[in-house]
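> The structure's right below; bear with me while I get my questions together.
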Amino acid sequence: MFGTVVVGVGIAGLARIRDLMNPMPSSPSEHLKLLGFVSRRSFGSINEAKQISLEDALRSKEIHAAFISTENKSHEETIRMFLEAGKHVLVEYPMALSAKVAHELWEMAEQKGKVLHVEHIELLTEEYKQLKKEVAGKDLVKGTLHFTGSVLDETKAGFPAFSGIARLTWLIDLFGDLTVTSATREEQKDKNYSRMTVHFQTANKKPLTWIEERGPGMRREKKINFCFTSGCLENFPQAPRSAVGLFMQDQNLFAKKLLGQVSKEELAAEKWRILRCLDLAGMIQQQCEQPEKIYS
């Protein structure tokens, strides 16, 4: 059994507590035991899970793994603390708000022989699984992924290329490695509006565009337009509802890693994908933040 602690009790943290207390029967999650949660706010207990201090969580010999569900900006510090304390770590995406830091943390986990698992539930949705089947084996001509959503506090969530890394993960997982050809960002600060536009090239020199747009009252929505030599895909394929929740699927995957049930090849591919997406997010931020050249 692996003793666990949940750090941060926002929407994701509460889902983690629920799933750890009600593991799927006969699943790898039955090897995880919730021993408490850590929060800056005072709760006492949530659904019979007791609140403990961060110090106790780090010190406890019974806690083997931490589920980090804090604000994006504090992921780095929290991961570092738990790895230093010799614990395995599951963290919600993005694992860090800088590619350099992400590489450092991964190296640290490997040196300490600990699992560092980054949640990417966007790859586990039935909608995405159907999309991946639909795209498989087709030759891309060009494509666009356009996301809209409500306003995020960037001081906590990070630059849009990091807070929106789920979209970048989709593109890399669907079409392989990408190169950033240009990245720009339009902001209307008085209206709390932001639109980031990134142009990529695939390994076969095909163009892909990612638009991340946020503003007050904007509906959370993804639109696709992927054109292949065989025709265009403009709507998501119909997908059945999954019998297993996304966080539970992710938790099972983490437990499988703790139990040594994931192949080295799968682990290496996942590591490459996560770090490559963070590298690209860093390049995108750099390009968007470059001062515009003024030609005289």
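Numbering starts at 1 and runs along the chain as it is shown here.
Note: Cβ is positioned from N, Cα and C throughout, glycine not excepted.
Those TrEMBL annotations? Automatic predictions, nothing curated.
The domain 'Gfo/Idh/MocA-like oxidoreductase N-terminal' feature in TrEMBL is assigned to 3-120. TrEMBL lists V9, G10, I11, A12, S39, R40, R41, Y93 with the feature NADP(+) binding site. Annotation source TrEMBL lists domain 'Biliverdin reductase catalytic' at 128-240. Residues annotated as Zn(2+) binding site in TrEMBL: C277, C288.
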> Could you state the whole-number distance in Å separating the C-alpha atoms of I11 (NADP(+) binding site) and C288 (Zn(2+) binding site)?
30
> Using DSSP, tally how many residues of the domain 'Biliverdin reductase catalytic' (128-240) sit in helix, strand and coil.
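Output for the domain 'Biliverdin reductase catalytic' (128-240) reads 30 helix, 50 strand, 33 coil.
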> Could you tell me which of these binding-site residues, R40, R41, has the greatest number of Cβ atoms within 10 Å of its own Cβ?
R40
> Might you list, by sequence position, any residue in that chain lying six or more from A12 (NADP(+) binding site) with a Cβ less than 8 Å away from its Cβ?
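Sequence-distant Cβ neighbours: S69, E92, E119, F247.
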> Per 10 Å Cβ neighbour count, which of the binding-site residues V9, I11, C277, C288 ranks highest?
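Counting Cβ neighbours within 10 Å, the top one is C277.
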> In sequence order, what residues of the same chain, 6+ apart, have a Cβ less than 8 Å from the Cβ of S39 (NADP(+) binding site)?
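Looking at Cβ-Cβ distances below 8 Å from S39 (NADP(+) binding site), excluding near sequence neighbours, one finds V7, G8, V9, G13, Q51.
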